Every structure is written in C-alpha cells, then in structure tokens.
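Beneath this line is the structure, given in structure tokens, with notes to follow.
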Amino acid sequence: MPQLALIRHGQSEWNLQNRFTGWVDVDLTDEGVAQARQSGELLAKAGFEPTHAFVSVLKRAIKTLNFTLEGLDRLWIPVDKSWRLNERHYGALAGLDKNETRAKHGDEQVKIWRRSFDTPPPPVATDHAYHPLNDHRYADVPRELLPASESLKSTLDRVEPYWSSSIQPRLAAGETLIVAAHGNSLRALVKLLFKVSDPDIMEVEVPTGNPLLIDLEDDGITLRSARYLDPVRAKPLPPLPGA
C-alpha cells in the first residue's frame, strides 16, 4: 500500500519574527530543529519507512528533511530537490513584518494576499535581492518560469507538473514517499490530493513540523486515510474525496 508523508519545515527564524518569507532562504530556529527531530520520532513510531524523499531547494526544508530522516535511520535513501516545491513567492512582501503590513494595508487585504487562491501580492522588482533571477540556485531554471510574486494558484501551477511527473508515479508503483516543503506548496498538494475547492482552500492550514501521513490505494491517487501524527498541534483536514 503506498504511503505519503507531507512535512512542513520546522519553525524558521522568520516564522518566529512574524515576517513574510517565501523564497528567502532563512534557517530553522532551535524550536524548528526540535520539531524536525520530533517529526522523525513520530514517523518512526508509526512504522513509516520511506523509500524516496522530495524536498525544495530552501535550507529550512532541507534541514527538516535531514533531521527527520535521521530519526528514521533513513539518511541513505535517494533525495530529489526541486525549486518547484519551494514556498509560494511573496513578492514585495518578502521580509516585511506581518503585523506592520496589516496595519498599513488592512486585515482583509493581507488575508486575501495570504489565503486567497488566485490573488498574488505585489511583485518584487527584478533587480531586488529577493527576486530569484538574482539567486544562483535558479541559474538553470528558464527565466520565464521564475516568479516575481505568486498566488496559491500559480504555486499550484508549478507544483502540479512535478507531482504528476516525479511523485505520483512512484506512489502508483507502491513506494513510500516523504515530501518536506512549505506551507503553501503543501497546501497546493493538499488541494490536489483532497480535491479541495478554490474557496475552501483559503481555510486550509498546514502546521510546522507535524507530519501528515496519508495512506493511498494502489493507484497512488485515491486516498484511504489521512492524519496528523501530533494531534495536539494538528489543523483540521479537508474530508477525503467521496467521503
């Protein structure tokens, strides 16, 4: 039976500082490291034995994956890194304090930027340090694919091809997979897996450092069950398709 574990990185420095992060490559806090280690412990207790891992190219997700795999004694499994699993790009909001941004633009506007499906924040300038054109890790990505800002819809548009070409076929082959990524790239995967409507995805949140363990049918698409392994820090999940 295929299994999939989705893990949002542990608490980052900018999570702690309440700043918009996006593609900015900030590190984990000590609490984030502890959450990542706990993820490995929770998955080990659940008997989870991944055969392959996927992760973004941002260090907070990479370190979360490594600490998790260490707890599983599975550091040896193959790991694929892809920019397509990066967090949503927050455009000109990157680095800004969220409370100050609410005070300036209003709660409702900021909620739309953060939680709506198809409204991106204002774009970042192409000469800004936070534009991916100026980051060497994206040197091999076609220029036209690099975002200056993203909505959840555009995040889904870049995540979905990677899911379809690299992740889902392995599930259909019966593998056990782990994906370490970010709040919005994982929301995109949740939308795909649970078939969540555009309006309903606004209310879906993915907590940091709490594995979402999903059991699938042999087709690697149909969900059998899904649960967060730490119920104390769990967020509500959408209903299973067809339930």
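Each Cβ is built from the backbone N, Cα and C atoms, and glycine gets one as well.
What Swiss-Prot records for this protein:
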type     : residues                                           : note
ACT_SITE : HIS9                                               : active site, tele-phosphohistidine intermediate
ACT_SITE : GLU87                                              : active site, proton donor/acceptor
BINDING  : 8-15, 21-22, ARG60, 87-90, LYS98, 114-115, 183-184 : substrate binding site
SITE     : HIS182                                             : site 'Transition state stabilizer'
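Counted over every protein chain shown, other Cβ atoms within 10 Å are most numerous around GLY22 among the binding-site residues GLY22, GLY183. Ranking the recorded positions GLN11, TRP14, GLY22, GLU87 by the distance of their Cα atoms from the Cα of HIS182 (site 'Transition state stabilizer') places GLU87 first. Distance between Cα atoms for GLU87 (active site, proton donor/acceptor) and HIS9 (active site, tele-phosphohistidine intermediate): 10 Å, as a whole number. Here the CA atom of the residue listed as 'active site, tele-phosphohistidine intermediate' lies 19 Å from the CA atom of LYS98 (substrate binding site). Classification of LYS98 (substrate binding site) by DSSP places it within a helix. Summary for the active-site residues HIS9, GLU87: the Cβ-based neighbour count within 10 Å is maximal at HIS9.
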